[in-house]
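*Asks:* Straight from TrEMBL, here's the annotation block:
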{"type": "DOMAIN", "residues": "B:70-282", "note": "domain 'ABC transmembrane type-1'"}
{"type": "TRANSMEM", "residues": "B:12-35", "note": "transmembrane segment"}
{"type": "TRANSMEM", "residues": "B:70-95", "note": "transmembrane segment"}
{"type": "TRANSMEM", "residues": "B:107-128", "note": "transmembrane segment"}
{"type": "TRANSMEM", "residues": "B:165-184", "note": "transmembrane segment"}
{"type": "TRANSMEM", "residues": "B:205-223", "note": "transmembrane segment"}
{"type": "TRANSMEM", "residues": "B:266-285", "note": "transmembrane segment"}
Amino acid sequence: MLDSTDTPHIVFDRITKSFGATEVVPPLDLTINKGEFIVLVGPSGCGKTTTLRMLAGLESVTTGAVHIAGRDLTHARPGERDCAMVFQNYALYPHMSVRENIGYAMKVHGTPKEEIDARVGEAAALLGLEPYLDRKPRNLSGGQRQRVAIGRALVRHPQVFLFDEPLSNLDAKLRVEMRTEIKLLQKRLGTTAVYVTHDQVEAMTMADRVVVMRAGVIEQVDAPIRLYEEPANRFVANFIGSPAMNFFEVATRDGAAWLDGQRLPLSPETFARIGARDRVTLGIRPEHMDGGDAPAPLTLRCDTLEPLGAHTLVLGHVGEEKVVAQVEPRFPAEPGQECTVQIDMSKAHFFDIDSEARL
Amino acid sequence: MSHSPQPDRVKYAFILPAFLLVLTITLFPLIYALVVSFQTIRIVPPIPPRFVGFDNYTEILGSARFWGSIQVTAVIVFISVALQYVLGFALALTLHHNVPGASLYRVSFLLPMFLAPVSVALIARMLFHPVLGPVNEFFTLFGLENLPFLTSPSFAIATLITVEVWQWTPFVVLLMLAGLQGLPSEVFEAARVDNISTWRRFRDLTFPMLLPLSVAVVFIRLIEGFKIIDTVFVLTGGGPGTSTETLTLFAYNEGFKKFNIGMTSALSFLFLIVVILFGTLYLAAAQRMIRRYQ
Ligand SMILES: Nc1ncnc2c1ncn2[C@@H]1O[C@H](COP(=O)(O)OP(=O)(O)OP(=O)(O)O)[C@@H](O)[C@H]1O
Ligand SMILES: [Mg+2]
């Protein structure tokens with residue numbers, strides 16, 4: 001098992017991408033270490049696929065440079081980069097059987113037949129494709145096709161894996177299984193991987209580091225847990241975590257935050273960091289509203305309850321602002337009535353109201 | 001409202017008129033021609049029809065001119081369709097890869113297809129004039145003066161093939177280009193990422209994926225090609241002698257020079273049989289090839 005190293009493997013040096021006059025990716029810097037599993041995540045249309053395609057060489061870089069393993073490959077053909085890619089819509093060879101699809105690149109590059117068979121067999125076993133080896137892609141389900149596409153990338157033993165939403169067409173159970181498999185396999189092979197998804201759970205569970213993008217701009221690059229605990233700005237805070245973080249506009253004075261006339265005491269260090277402000281954004285995750293290290297009572301109007309078994313979601317309002325709180329199943333609340341939750345103020349986040357940056 | 005199924009017979013009653021109409025329009029002339037082919041009918045001078053059985057067929061099958069015309073037709077069709085396909089596919093590939101000025105080429109390449117074959121043949125007749133034509137001037141540059149483009153059998157066949165290729169390659173370009181543009185681009189991107197060379201991408205991906213289309217395009221051109229008449233009529237008139245006489249021209253000469261309608265009908269049916277024969281052989285071969293790839 002190889003853990004990610006600190007040796008830079010892929011370097012994006014201020015790359016930009018424009019389609020005609022529209023700049024899709026403004027200058028972007030990113031260094032990916034050898035053996036690292038990087039996940040690009042962000043809302044639809046933010047430029048994840050474009051960035052990945054620039055790395056693969058399928059999309060030209062408008063300005064800037066791409067280095068892989070110390071070589072400047074900005075203008076190299078895709079084939080020279082030793083990457084293997086799994087496409088969003090499979091891109092299988094329609095007239096070849098599953099076996100031929102997986103083994104095709106090896107066959108063209110003159111790998112001995114026994115080795116091709118061995119590697120195809122290994123990949124098929126791993127991906128549960130053995131019963132389908134002689135079928136054509138059109139006779140496979142979406143999930144099976146996607147696994148063939150993954151198998152085709154795996155058998156090549158490339159320097160870099162590129163995944164473009166490879167699990168988007170699988171059912172929930174298979175998706176959970178496959179993400180573990182991919183992650184374990186990547187660690188076993190020690191191959192650097194760049195993985196695109198817009199599913200934040202996938203991003204959090206698979207990544208060594210997550211790159212959160214918005215409109216082509218990298219908002220934060222960090223380990224999943226840091227992303228959760230210390231989001232760099234309101235966008236990241238909102239994007240990571242489910243259900244999403246609550247945001248309130250509050251005032252800070254006298255060592256506390258004031259929300260709708262209710263006093264939420266802050267620790268002296270926190271208050272010293274933020275200072276007295278008329279308007280500031282307070283962010284608190286729903287799962288941090290049921291007691292904890294520094295509980296502060298907050299009264300809210302309960303609109304509806306969503307019992308999920310392990311816990312219950314209280315959907316309501318504080319003043320004009322919507323709030324979602326995650327509480328224990330037997331929490332005393334009635335729709336239409338007021339109820340009081342205990343906010344863990346040690347888990348509260350503060351963001352500048354204008355720049356939205358973390359305070 | 002309940003939805004009871006219509007009684008079955010009523011729907012046939014509604015279809016019947018259309019069915020009969022189509023039957024009359026398509027089948028009647030064929031059957032009429034078949035009947036005529038077993039008779040001797042002359043319009044000029046008018047002689048009352050006389051039933052002769054298979055006499056017309058045996059006479060045609062026994063004539064060297066008939067077998068010659070089959071050979072001429074087959075040579076022209078097979079060589080010209082092969083050239084049309086190879087050239088057309090190559091041009092389509094070039095246009096597909098957006099060479100500079102592709103859109104201009106796209107229009108100009110298609111023009112020959114829109115011309116009437118008669119006018120193409122007339123233009124060709126001027127171009128290939130053994131003394132005055134520009135083609136002669138071109139070959140004169142290499143010291144080959146006054147080549148008998150239309151007056152020596154093998155030259156004349158080559159000229160006919162050239163004209164056919166010139167006129168009908170655009171058809172292949174058009175369809176193959178449409179086929180290329182319908183191919184999924186990610187499949188080729190996947191191959192590029194996997195470092196598959198351009199040639200292997202063509203051989204292993206483009207060609208097999210377009211094989212069903214290729215089979216159809218070649219089939220259309222074969223069937224159309226067998227009917228070649230106007231080009232030959234204008235360019236060589238089947239000459240010198242009958243050395244460039246195609247099946248259809250032979251039938252035309254029988255019908256409109258000798259006014260032997262019975263003979264012409266018999267010839268038409270033999271023509272039909274020849275086309276069906278070649279067509280079936282071709283499709284059988286194509287089917288085997290497709291099955292190997294698909
Ligand atoms: N060929 C193109 N021409 C013009 N604009 C393009 C082109 N390809 C992508 N774009 C634009 O670039 C932006 C980023 O697209 P991209 O495919 O990278 O998004 P994405 O993050 O992968 O989204 P998704 O999650 O929906 O796949 C989009 O706004 C898209 O409209
Ligand atoms: Mg995408």
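Every residue, even glycine, has its Cβ placed from backbone N, Cα and C.
Because the structure is a prediction, the values reported are computed rather than measured.
Let's see these features in context: how buried, what's close, how far.
*Replies:* Long-range contacts of the transmembrane segment (B:12-35) within the same chain, counting only residues at least 6 positions beyond its ends with a Cβ under 8 Å from a Cβ of the stretch, are 265, 268-269.
Tertiary proximity for the transmembrane segment (B:70-95) is limited to same-chain residues at least six positions away from its ends with a CB under 8 Å from its CB atoms, namely 102, 105-106, 109, 157, 160-161, 164-165, 168-173, 176-177, 179-180, 202, 206, 214, 217-218, 221-222, 225-226, 228, 243-248, 274, 278.
Long-range Cβ contacts of the transmembrane segment (B:107-128) within its own chain (Cβ-Cβ under 8 Å, at least 6 residues beyond either end) map to 91, 95, 134-136, 149-150, 159, 162-163, 166-171, 173-174, 230-235.
Within the chain carrying the transmembrane segment (B:165-184), a Cβ under 8 angstroms from the stretch's Cβ atoms is held by residues 80, 83-85, 87-89, 91-93, 95-96, 106, 109-113, 115, 117, 120, 124, 206, 209-210, 213-214, 216-217, 220-221, 224-225, 231, all 6 or more beyond its ends.
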